[in-house]
Amino acid sequence: MATLLIGEVTDGQLGLDATAKAVTAAQALGEVHVLCAGASARGAAEQAAQIQGVAKVLVAEDPALGHRLAEPTAALIVQLAASYSHVVAPATTDAKNVLPRVAALLDVMVISDVTGVVDADTFERPIYAGNAIQTVKSSDPVKVATIRTAGFDAAALGNSAPIEAAPGASDPGLSQWIEDRTAHSGRPELTSAPVVVSGGRGIGSKDGFAIVEGLADKLGAAVGASRAAVDAGYAPNDWQVGQTGKVVAPNLYVALGISGAIQHLAGMKDSKFIVAINKDAEAPIFQVADFGLVADLFTAVPELTEKL
Amino acid sequence: MKVLVPVKRVIDYNVKVRVRADGSGVDLANVKMSMNPFDEIAVEEAIRLKEQGTATEVVAVSIGVRQAQETLRTALAMGADRAILVIASEDVHQDIEPLAVAKILAGVVKEEAPGLVLCGKQAIDNDMNATGQMLAALLGWGQATFASELKVEGEQATVVREVDGGLQAIRVRMPAVVTVDLRMNEPRYASLPNIMKAKKKPLEEKTPADYGVDVTPRLSVVKTTEPASRKAGVMAKSVDELVDMIKGAGLV
Ligand SMILES: Cc1cc2nc3c(=O)[nH]c(=O)nc-3n(C[C@H](O)[C@H](O)[C@H](O)COP(=O)(O)OP(=O)(O)OC[C@H]3O[C@@H](n4cnc5c(N)ncnc54)[C@H](O)[C@@H]3O)c2cc1C
Ligand SMILES: Cc1cc2nc3c(=O)[nH]c(=O)nc-3n(C[C@H](O)[C@H](O)[C@H](O)COP(=O)(O)OP(=O)(O)OC[C@H]3O[C@@H](n4cnc5c(N)ncnc54)[C@H](O)[C@@H]3O)c2cc1C
């Protein structure tokens, strides 16, 4: 049986990077079908059809599916699940909202944040903020899993898989969308950017983040933050990197005024190169940094931005 | 309206976990255990709903080993009215899977008939981020996950959710399951008099059999290993040196 992969569709657009990385992970399980669901999803389906390794794309368009509400989306997936051995999705907030609901409706466990596929039943996943890696084997008839995409390369494009309409599902009408409050910075997306520059409590204020953003823009990087910086209101919630925020693994991660708590490291320690600037030589971030500089960030970062 | 708050006993977030050398798991004997931080936020929110007159009673429930009593006493000291402990395991190393936890919670919900279940978004030990969603599915209720704001207005609740793109506001029909994120509130500390009072609050003990739930795991743990570790690198003495190092490594 094949794997049903839930494509990441937001306002009709496919999250191509996340979906293509999840395809790479899912290919180890056999044939991959991608479901694109939304109020409009045809464009997303056409993009998904280009991903190498995709055998078929299912498209479900319905106003009820428009804002990734859990109940109608789960109802649709459950209806399709009978013909699949695996139901997987990139571990985005949308998938983490929907897939556990799908799993419970199918009376199976969900396997969250898979970082490795050992075989069709066996998966690796981090626990305890990434301080341990657990290998779990599922005895369920259908495996429902979210894939932590940071560890997988995106599948290439150039395919033209057939696109079919998925049967409609009924909306239980339990929730209603009111609004999305999203800001578009024009910067690369945090979870797929090759370079990430993050600021912590050491940045000291919302205005102080201009220093972080200045370096990020110089490097064409995405901007991240520690929980402390988000809690203090210096940075928006969707910039949070860590155990309970986003997990990133860029080529270069620059940590500015971040101490390096395990909960933060959980979200960035798989980065290829880590550079840290902190005024405290004892900060734990230096234990994972490839290059470190003990300095006051308010003078060092503008100088670095200028000289790079 | 009654509010049910599931609270999990987990390894304290400040403790550095140690993976056992034989790969059998993580050492949990003699380490500091605390209430899952997200669940403290859920308890706090429930108490605030009561203080505002929206909730009439706050019931905390925990599923696990007998020692989870301590976690429930913490919830009671914060202000919950009573507690239910479902003893599902004798061994601290045996965790109960979210599906089984959700089934037990569904049984508790049938008996208690709360108007709202407030869960944490994830437990910081296994990081599954699943129980609330699974409970909502089993009950056929609506769900609002990763909530940073909650307003209960009669038959519905308005919830602001923390999502990848920023924030999303939704309205969910009650009764519902809401899972709370970090920025919903700052949980209070229990005062000494309240800790004393909590000792006298009712704590009822149950077993999974009382709810007809089989807790046999669906996932078996093959092994638990240490992640690849990173080594500390080199320290630059100046910004100029750092620039050379970054350029030398071909990073820009
Ligand atoms: C349940 C739970 C979940 C959590 N999830 C996350 C998560 O997902 N992500 C996350 O990041 N955290 C998370 N945390 C929080 C985490 O434990 C830390 O509190 C947080 O990461 C600290 O952020 P910080 O490093 O910015 O702040 P601090 O630890 O306060 O560090 C600030 C650093 O800035 C340095 N500094 C100050 N001024 C300057 C200056 N002028 N120049 C240079 N350096 C300076 C200081 O030396 C210090 O090292 C979580 C905690 C809990 C309990
Ligand atoms: C060392 C180790 C050994 C393991 N051994 C086993 C094993 O022998 N058998 C087995 O079945 N699984 C085992 N597991 C796997 C484990 O059971 C699941 O991965 C785990 O339950 C995941 O859920 P979570 O606690 O992360 O819940 P989440 O879904 O992340 O929790 C979200 C919220 O649900 C509520 N909640 C969750 N659990 C409870 C609870 N118990 N009581 C009250 N409220 C709760 C809380 O509000 C919490 O904030 C083991 C895991 C480890 C690390």
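Here the Cβ of each residue, glycine as well, is placed from N, Cα and C on the backbone.
TrEMBL annotations:
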type	residues	note
BINDING	A:ARG201, A:226-227, A:240-244, A:257-264, A:ASN278	FAD binding site
DOMAIN	A:3-181	domain 'Electron transfer flavoprotein alpha/beta-subunit N-terminal'
### Message
At a CB cut-off of under 8 A, do any of the binding-site residues A:ARG201, A:GLN243, A:ILE258, A:ALA261, A:HIS264 come close to chain B? List them or say none.
### Response
A:GLN243
## Note on the structure
By the 10 Å Cβ-neighbour count, the most surrounded of the binding-site residues A:GLN240, A:GLN243 is A:GLN240
### Message
Counting only residues 6+ away in sequence within the same chain, which have a CB under 8 Å from the CB of A:ILE258 (FAD binding site)?
### Response
A:SER198, A:GLY199, A:GLY200, A:ARG201, A:GLY202, A:SER226, A:HIS264, A:ALA276, A:ASN278, A:ALA283, A:ILE285
### Query
Taking the domain 'Electron transfer flavoprotein alpha/beta-subunit N-terminal' (A:3-181) alone, what is its mean pLDDT?
96
### Task
Across all the protein chains here, work out how many other Cβ atoms are within 10 Å of the Cβ of A:HIS264 (FAD binding site).
27
### Message
Going by DSSP, is A:GLN240 (FAD binding site) sitting in a helix, a strand, or coil?
### Response
strand
### Task
Identify, in sequence order, the residues in the chain of A:ALA261 (FAD binding site) that are 6 or more apart from it along the sequence and have a CB within less than 8 Å of its CB; answer 'none' if there are none.
A:SER226, A:PRO284
### Task
For A:HIS264 (FAD binding site), name the DSSP secondary structure in the helix/strand/coil scheme.
helix
#### Entry: Other CB atoms within 10 A, centred on A:ARG201 (FAD binding site)
17
### Query
DSSP on A:ARG201 (FAD binding site), three-state: which is it?
helix
